[in-house]
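Notes follow once the structure below has been shown.
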Amino acid sequence: MGRKSEDSSSQYGEPAEYDPTFNGPIHNRSCTDIICCILFMAAIAGYMIVGILAWLYGDPRHVLYPRNSTGMFCGIGLNKGKPSVFYFDLLKCATATNVMAAALNGLQCPTTQVCVDQCPGDFWILSPGAYLPTAKAKDFFQQQYCVPSFNLSTTDLTAKEIVDKELCPSFYIPTSSVLGRCLPSLGLLNNIPSNFTLPGMASVNDTANALKNATSDVLSGFNLRQVGVRIFEDFASSWYWILIGLLIAMLLSLIFLLLLRFMAPVLVWLLIVGVLGVVAYGIWHCYWEYDNYKNSSTTISNLGFTTNFSAYLQVKETWLAFLIILCILEAILLLVLLFLRTRILIAIALIQESSKAVGHMMSTLLYPLVTFALLIVCIAYWGITALYLATSGAPIYKVVALNSSTNSCLAINGTETCDPLSFNSSAYMSCPSAQCIFIKYNTEGLFQQNLFNLQIYNVLAFLWCVNFVIALGQCTLAGAFASYYWAFSKPSDIPTFPLSQAFIRSLRYHVGSLAFGALILTIVQFIRIVLEYLDHKFRAAQNPCARFIMCCLKCCFWCLEKFIKFINRNAYIMIAIYGKNFCVSAKNAFSLLMRNILRVVVLDKVTDLLLLFGKLLVVGGVGVLAFFFFSGRIQLPGNAFNSQTLNYYWVPIITVIVGAYLIAHGFFSVYNMCVDTLFLCFCEYSLCWPTYV
């Protein structure tokens, strides 16, 4: 009776009638959604053109290499062998914004910068004797830290003139190269020599405090270098054992999938009983806590609102509320288990059958590697294109006065363009500190004026390609598993190379349909990105009402994205089976699922619970093993690995845990796709499956 009411005629259409001649995915099919296929190909061609234009106009050296004050790159060209940039006066780079901008956008701190082969390693300050009339400048300065065009051995300038024109630094401190920038270490600033007092400072302590204040923000962004080096050393010494840990995760994932073939009923019922047991224990614990506090005079009304939430746990009303909630939850779970027990049997049967399908087509477990490789290509192309677009346009240099206190310097500061290669500071005698400094990239011209639009196109095309790759993988796996479902005699009737055949069918006939579904998802994802951007930009200016509306919009589009992913996934399964276009397949899949909504919910939750248990088993087991091994609690014979050589033993542990999760997710995603495919096939012809209904 339940089957009749569920599968009867309704607004979601009639179930398909049994066709004894139907033996799997249709081979004689035609191309679907040709218009969307052409549009997708045009978008790919346009994406390639954008990449070519970005490559022609962009120059990633502006990001990859630091520059000196003349705009020349350090480490290449004329400055080959001088990979680091040295700042004359770090006090002028008082905030991290300047140096971070220099690292990311090519912007410069307002002080002279020169390319050096090695950053200074000690403290030095210009001696007071250098200011004497008889002093020779070459006896006090070092040529390697002076402006390259300035020659100490032939100059007639005094030390004061050299310092005022910033031809050579008046001091430097120990620094190290971080992303090509000579940046100091706060620890070394505690060992400043007693004679190291900067002009305008009363004492060595004042000098140390000024340098610390000027560099603390900088180091917060760049002082990760030492940690990064240590982490790299840990990877270098433990990579072999990390790979072994990942191999163990892969074997555990395979073993779990094989166990599902024989122990699926036991595992499912064990998990169900476990959930009921956990809730029952929660009921007992809440009653025990309620009994302890039932004689207490403290109530919720006495407490009022407090940020000390632990105080609420000492009130009987809190535990009574928890007790009622858990009792209701336990009752709901028991009723669901009682009325949906037959559908749980269907879920168990499909899980067992899915294990057999994966066992007969083990190559499907390797297909996530293909998807992963294609996604890496998409991400790499997007990142490189974005980098070249961001550095498109010729750099613009302007005359900037490093000391703009005089009117003559203020008059020329940032008003005149210049060429750093031919710039001569002697042409600005009224402002000796004038230099040719990089300001920004040229935004004139048709290409440069549309850089923002091209970046948007880059993001849209990237999302479309990524969603298409995922859709291709889902349709390919669905075609392979559907061919298994309709094989009368398994495994002899399973087609030869079912995965390859399904992949070729998807690319030959259904690029347009897959691109159509991917485009719908891309539009929703792009709207979510725009909402996140607007929320980030205007968060400070939003009132509570605006924040509430923004939160509702973000929540609605998140739900819409999840719904579209669900519809697309099942539409791709129908495409793989029948070869119809996206809209018809999505409609048929939605109608089919709505006619079997209870089965869908039960199967989805049972499968999710089972695969979650598998992921926890694999990741937890490998994670615990990695912890005991890399922390030195498990010793190998012959001291094959010494955990004492690791700087941070948590680095390989986290790497193994994350890698184990990705491996388990990859294997189980194939299994989940198999369950969904077999379930749709089962629902499509459920009239001939009376045993479980």
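Glycine too: its Cβ is placed from the backbone N, Cα and C atoms.
As annotated in TrEMBL, transmembrane segment covers the listed stretch 610-630 rather than the other ranges in 547-567, 610-630. By the Cβ criterion (under 8 Å, sequence separation of 6 or more), the transmembrane segment (610-630) is in contact with the transmembrane segment (266-284), since 3+ such pairs are found.
Among residues of the same chain six or more beyond the transmembrane segment (266-284), those with a C-beta under 8 A of the stretch's C-beta atoms are 259-260, 322-323, 326-327, 329-330, 333-334, 337, 344, 347-348, 351, 606, 609-610, 613. Counting residues 6+ beyond its ends, the transmembrane segment (361-384) has Cβ neighbours under 8 Å at 47, 51, 254, 458-459, 461-462, 465-466, 469-470, 472-473, 476-477, 480-481, 484, 494, 498-499, 666-667, 669-670, 674 in the same chain.
The transmembrane segment (34-57) shares the most Cβ pairs under 8 Å with 509-531, out of the stretches 239-259, 461-488, 509-531, 571-590, 650-671.
For the transmembrane segment (650-671), the neighbouring stretch richest in Cβ pairs under 8 Å, chosen from 239-259, 461-488, 509-531, 571-590, is 239-259.
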